[in-house]
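Written below as C-alpha coordinates is the structure these notes are about.
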Amino acid sequence: MSKVNKEGAQQTSLLDVLKKKMRQAREEAEAAKDEADEVKRQLEEERKKREDAEAEVAALNRRIVLVEEDLERTEDRLKTATSKLEQATKAADEADRARKSMETRSQQDEERANFLETQVDEAKVIAEDADRKYEEVARKLAMVEADLERAEERAEAGENKIVELEEELRVVGNNLKSLEVSEEKALQREDSYEEQIRTVSSRLKEAETRAEFAERSVQKLQKEVDRLEDELLLEKERVRNLTEEIEQTVQEIQGS
(Lines of atoms letter the chains of each structure in order from A and count residues from 1; the text may use other names and numbers.)
(Lines give C-alpha, C1' and ligand atoms only; values in the text may rest on other atoms or scores of the structure.)
Protein backbone atom coordinates (compact mmCIF):
# COMPACT_ATOMS: atom_id res chain seq x y z
CA MET A 1 0.00 0.00 0.00
CA SER A 2 1.21 3.42 -0.77
CA LYS A 3 1.85 6.09 1.79
CA VAL A 4 -1.06 8.16 0.50
CA ASN A 5 -3.44 5.31 0.84
CA LYS A 6 -2.21 4.66 4.33
CA GLU A 7 -2.74 8.27 5.33
CA GLY A 8 -6.24 8.26 3.78
CA ALA A 9 -7.11 5.12 5.62
CA GLN A 10 -5.83 6.55 8.87
CA GLN A 11 -7.86 9.76 8.34
CA THR A 12 -10.98 7.73 7.59
CA SER A 13 -10.47 5.65 10.70
CA LEU A 14 -9.90 8.75 12.83
CA LEU A 15 -13.04 10.37 11.40
CA ASP A 16 -15.03 7.30 12.24
CA VAL A 17 -13.67 7.38 15.75
CA LEU A 18 -14.55 11.04 16.08
CA LYS A 19 -18.06 10.46 14.74
CA LYS A 20 -18.45 7.57 17.10
CA LYS A 21 -17.25 9.68 20.00
CA MET A 22 -19.53 12.55 18.93
CA ARG A 23 -22.43 10.15 18.69
CA GLN A 24 -21.58 8.76 22.08
CA ALA A 25 -21.23 12.28 23.41
CA ARG A 26 -24.63 13.24 21.99
CA GLU A 27 -26.13 10.11 23.43
CA GLU A 28 -24.49 10.81 26.77
CA ALA A 29 -25.66 14.45 26.55
CA GLU A 30 -29.20 13.35 25.76
CA ALA A 31 -29.02 10.80 28.54
CA ALA A 32 -27.66 13.47 30.86
CA LYS A 33 -30.42 15.82 29.72
CA ASP A 34 -33.02 13.15 30.27
CA GLU A 35 -31.50 12.44 33.64
CA ALA A 36 -31.43 16.15 34.41
CA ASP A 37 -35.06 16.45 33.31
CA GLU A 38 -35.94 13.48 35.50
CA VAL A 39 -34.04 14.99 38.40
CA LYS A 40 -35.74 18.34 37.73
CA ARG A 41 -39.11 16.59 37.57
CA GLN A 42 -38.36 14.75 40.78
CA LEU A 43 -37.20 18.02 42.37
CA GLU A 44 -40.41 19.69 41.19
CA GLU A 45 -42.45 16.81 42.61
CA GLU A 46 -40.49 16.99 45.85
CA ARG A 47 -40.99 20.77 45.96
CA LYS A 48 -44.69 20.34 45.30
CA LYS A 49 -44.90 17.58 47.91
CA ARG A 50 -43.03 19.82 50.33
CA GLU A 51 -45.37 22.75 49.58
CA ASP A 52 -48.37 20.44 49.92
CA ALA A 53 -46.91 19.07 53.14
CA GLU A 54 -46.25 22.60 54.42
CA ALA A 55 -49.79 23.62 53.44
CA GLU A 56 -51.14 20.50 55.12
CA VAL A 57 -49.01 21.23 58.21
CA ALA A 58 -50.29 24.82 58.23
CA ALA A 59 -53.86 23.55 57.84
CA LEU A 60 -53.25 21.03 60.60
CA ASN A 61 -51.77 23.78 62.78
CA ARG A 62 -54.83 25.96 62.12
CA ARG A 63 -57.05 22.98 62.83
CA ILE A 64 -55.10 22.26 66.01
CA VAL A 65 -55.57 25.88 67.08
CA LEU A 66 -59.29 25.66 66.32
CA VAL A 67 -59.52 22.33 68.12
CA GLU A 68 -57.62 23.77 71.09
CA GLU A 69 -59.94 26.79 71.13
CA ASP A 70 -62.96 24.50 70.83
CA LEU A 71 -61.51 22.30 73.56
CA GLU A 72 -60.98 25.33 75.75
CA ARG A 73 -64.56 26.48 75.15
CA THR A 74 -65.75 22.93 75.78
CA GLU A 75 -63.77 22.81 79.02
CA ASP A 76 -65.28 26.16 80.03
CA ARG A 77 -68.77 24.86 79.24
CA LEU A 78 -67.93 21.67 81.09
CA LYS A 79 -66.77 23.66 84.11
CA THR A 80 -69.91 25.79 83.93
CA ALA A 81 -72.10 22.71 83.52
CA THR A 82 -70.25 20.96 86.36
CA SER A 83 -70.70 24.02 88.58
CA LYS A 84 -74.39 24.24 87.67
CA LEU A 85 -74.75 20.51 88.24
CA GLU A 86 -73.13 20.84 91.66
CA GLN A 87 -75.41 23.76 92.45
CA ALA A 88 -78.39 21.81 91.18
CA THR A 89 -77.30 18.78 93.22
CA LYS A 90 -76.91 20.93 96.31
CA ALA A 91 -80.26 22.57 95.62
CA ALA A 92 -81.82 19.15 95.08
CA ASP A 93 -80.30 17.89 98.34
CA GLU A 94 -81.51 20.99 100.15
CA ALA A 95 -84.92 20.59 98.55
CA ASP A 96 -85.00 16.92 99.53
CA ARG A 97 -84.00 17.78 103.09
CA ALA A 98 -86.53 20.60 103.12
CA ARG A 99 -89.16 18.22 101.72
CA LYS A 100 -88.41 15.61 104.37
CA SER A 101 -88.34 18.31 107.06
CA MET A 102 -91.58 19.74 105.73
CA GLU A 103 -93.16 16.28 105.62
CA THR A 104 -92.06 15.65 109.20
CA ARG A 105 -93.16 19.11 110.26
CA SER A 106 -96.39 18.80 108.30
CA GLN A 107 -97.07 15.49 109.99
CA GLN A 108 -96.29 17.03 113.37
CA ASP A 109 -98.39 20.08 112.55
CA GLU A 110 -101.20 17.83 111.34
CA GLU A 111 -101.01 15.79 114.53
CA ARG A 112 -100.90 18.97 116.60
CA ALA A 113 -103.76 20.43 114.56
CA ASN A 114 -105.76 17.25 115.11
CA PHE A 115 -104.93 17.42 118.81
CA LEU A 116 -105.91 21.08 118.94
CA GLU A 117 -109.08 20.38 116.98
CA THR A 118 -109.87 17.65 119.49
CA GLN A 119 -109.26 20.13 122.31
CA VAL A 120 -111.39 22.70 120.50
CA ASP A 121 -114.17 20.14 120.14
CA GLU A 122 -113.82 19.23 123.81
CA ALA A 123 -113.82 22.91 124.73
CA LYS A 124 -116.92 23.43 122.60
CA VAL A 125 -118.56 20.48 124.35
CA ILE A 126 -117.55 21.97 127.71
CA ALA A 127 -118.87 25.36 126.63
CA GLU A 128 -122.12 23.82 125.39
CA ASP A 129 -122.41 21.85 128.62
CA ALA A 130 -121.70 25.03 130.57
CA ASP A 131 -124.38 26.82 128.53
CA ARG A 132 -126.83 24.02 129.26
CA LYS A 133 -125.92 24.10 132.94
CA TYR A 134 -126.21 27.87 132.92
CA GLU A 135 -129.64 27.63 131.30
CA GLU A 136 -130.62 24.96 133.82
CA VAL A 137 -129.35 27.07 136.72
CA ALA A 138 -131.13 30.10 135.29
CA ARG A 139 -134.31 28.05 134.98
CA LYS A 140 -133.94 26.78 138.57
CA LEU A 141 -133.17 30.30 139.72
CA ALA A 142 -136.33 31.51 138.01
CA MET A 143 -138.23 28.73 139.77
CA VAL A 144 -136.62 29.67 143.10
CA GLU A 145 -137.39 33.32 142.48
CA ALA A 146 -140.97 32.34 141.74
CA ASP A 147 -141.03 30.25 144.92
CA LEU A 148 -139.48 33.15 146.80
CA GLU A 149 -142.05 35.50 145.37
CA ARG A 150 -144.80 33.15 146.43
CA ALA A 151 -143.13 32.79 149.83
CA GLU A 152 -142.96 36.55 150.14
CA GLU A 153 -146.59 36.70 149.19
CA ARG A 154 -147.34 34.06 151.78
CA ALA A 155 -145.18 35.93 154.28
CA GLU A 156 -147.01 39.10 153.44
CA ALA A 157 -150.25 37.23 153.79
CA GLY A 158 -148.96 35.87 157.08
CA GLU A 159 -148.08 39.34 158.23
CA ASN A 160 -151.53 40.46 157.27
CA LYS A 161 -152.88 37.51 159.11
CA ILE A 162 -150.73 38.43 162.12
CA VAL A 163 -152.21 41.89 162.03
CA GLU A 164 -155.61 40.38 161.91
CA LEU A 165 -154.69 37.99 164.68
CA GLU A 166 -153.23 40.80 166.73
CA GLU A 167 -156.52 42.53 166.28
CA GLU A 168 -158.21 39.37 167.36
CA LEU A 169 -155.65 38.82 170.14
CA ARG A 170 -157.54 40.95 172.43
CA VAL A 171 -160.57 38.78 171.81
CA VAL A 172 -158.96 35.37 171.21
CA GLY A 173 -156.12 35.17 173.72
CA ASN A 174 -156.15 31.39 173.79
CA ASN A 175 -154.97 31.23 170.13
CA LEU A 176 -151.82 33.31 170.75
CA LYS A 177 -149.47 30.32 171.03
CA SER A 178 -150.76 28.81 167.80
CA LEU A 179 -150.26 32.08 165.98
CA GLU A 180 -146.71 32.40 167.33
CA VAL A 181 -145.86 28.89 166.10
CA SER A 182 -147.26 29.70 162.65
CA GLU A 183 -145.17 32.84 162.52
CA GLU A 184 -142.00 30.94 163.52
CA LYS A 185 -142.55 28.34 160.75
CA ALA A 186 -143.05 31.10 158.22
CA LEU A 187 -139.74 32.67 159.28
CA GLN A 188 -137.98 29.31 158.99
CA ARG A 189 -139.31 28.84 155.45
CA GLU A 190 -138.12 32.32 154.56
CA ASP A 191 -134.60 31.52 155.86
CA SER A 192 -134.61 28.28 153.88
CA TYR A 193 -135.56 30.15 150.70
CA GLU A 194 -132.79 32.69 151.25
CA GLU A 195 -130.24 29.88 151.70
CA GLN A 196 -131.44 28.24 148.47
CA ILE A 197 -131.08 31.56 146.67
CA ARG A 198 -127.50 31.95 147.91
CA THR A 199 -126.65 28.38 146.83
CA VAL A 200 -128.14 28.83 143.38
CA SER A 201 -126.39 32.20 142.98
CA SER A 202 -123.05 30.59 143.86
CA ARG A 203 -123.61 27.77 141.36
CA LEU A 204 -124.60 30.31 138.73
CA LYS A 205 -121.37 32.26 139.24
CA GLU A 206 -119.35 29.04 138.95
CA ALA A 207 -121.15 28.13 135.71
CA GLU A 208 -120.51 31.62 134.31
CA THR A 209 -116.81 31.34 135.23
CA ARG A 210 -116.51 27.95 133.51
CA ALA A 211 -118.28 29.29 130.45
CA GLU A 212 -115.88 32.27 130.22
CA PHE A 213 -112.84 29.99 130.64
CA ALA A 214 -114.15 27.60 127.97
CA GLU A 215 -114.74 30.49 125.57
CA ARG A 216 -111.19 31.83 126.14
CA SER A 217 -109.77 28.32 125.60
CA VAL A 218 -111.68 27.97 122.33
CA GLN A 219 -110.40 31.33 121.09
CA LYS A 220 -106.81 30.49 122.05
CA LEU A 221 -106.93 27.07 120.39
CA GLN A 222 -108.50 28.53 117.26
CA LYS A 223 -105.66 31.09 117.02
CA GLU A 224 -103.10 28.28 117.36
CA VAL A 225 -104.80 26.30 114.57
CA ASP A 226 -104.81 29.40 112.32
CA ARG A 227 -101.10 29.99 113.00
CA LEU A 228 -100.19 26.38 112.17
CA GLU A 229 -102.20 26.55 108.94
CA ASP A 230 -100.34 29.75 107.96
CA GLU A 231 -96.95 28.11 108.66
CA LEU A 232 -97.97 25.08 106.60
CA LEU A 233 -98.89 27.31 103.65
CA LEU A 234 -95.52 29.11 103.91
CA GLU A 235 -93.61 25.78 103.91
CA LYS A 236 -95.55 24.58 100.85
CA GLU A 237 -94.77 27.87 99.04
CA ARG A 238 -91.04 27.53 99.87
CA VAL A 239 -90.90 23.94 98.56
CA ARG A 240 -92.70 24.98 95.36
CA ASN A 241 -90.14 27.80 94.82
CA LEU A 242 -87.22 25.39 95.37
CA THR A 243 -88.73 22.89 92.91
CA GLU A 244 -89.14 25.60 90.23
CA GLU A 245 -85.53 26.75 90.77
CA ILE A 246 -84.22 23.17 90.39
CA GLU A 247 -86.25 22.61 87.20
CA GLN A 248 -84.96 25.89 85.75
CA THR A 249 -81.34 24.96 86.58
CA VAL A 250 -81.74 21.52 84.96
CA GLN A 251 -83.23 23.15 81.83
CA GLU A 252 -80.25 25.55 81.66
CA ILE A 253 -77.81 22.62 81.91
CA GLN A 254 -79.64 20.68 79.19
CA GLY A 255 -79.77 23.80 77.01
CA SER A 256 -76.00 24.28 77.34
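Just so you know, the numbers here start at 1 and follow the chain as drawn.
Glycine residues also receive a Cβ, built from the backbone N, Cα and C atoms like all the rest.
The annotation coiled coil is assigned in Swiss-Prot to 1-256. As annotated by Swiss-Prot, compositional bias 'Basic and acidic residues' applies to 24-52, 91-114. Taken from Swiss-Prot, the feature region 'Disordered' applies to 21-52, 75-116.
Sorting each residue of the region 'Disordered' (21-52) by its DSSP state yields 32 helix, 0 strand, 0 coil. Summed and averaged per residue, pLDDT over the coiled coil (1-256) gives 70.
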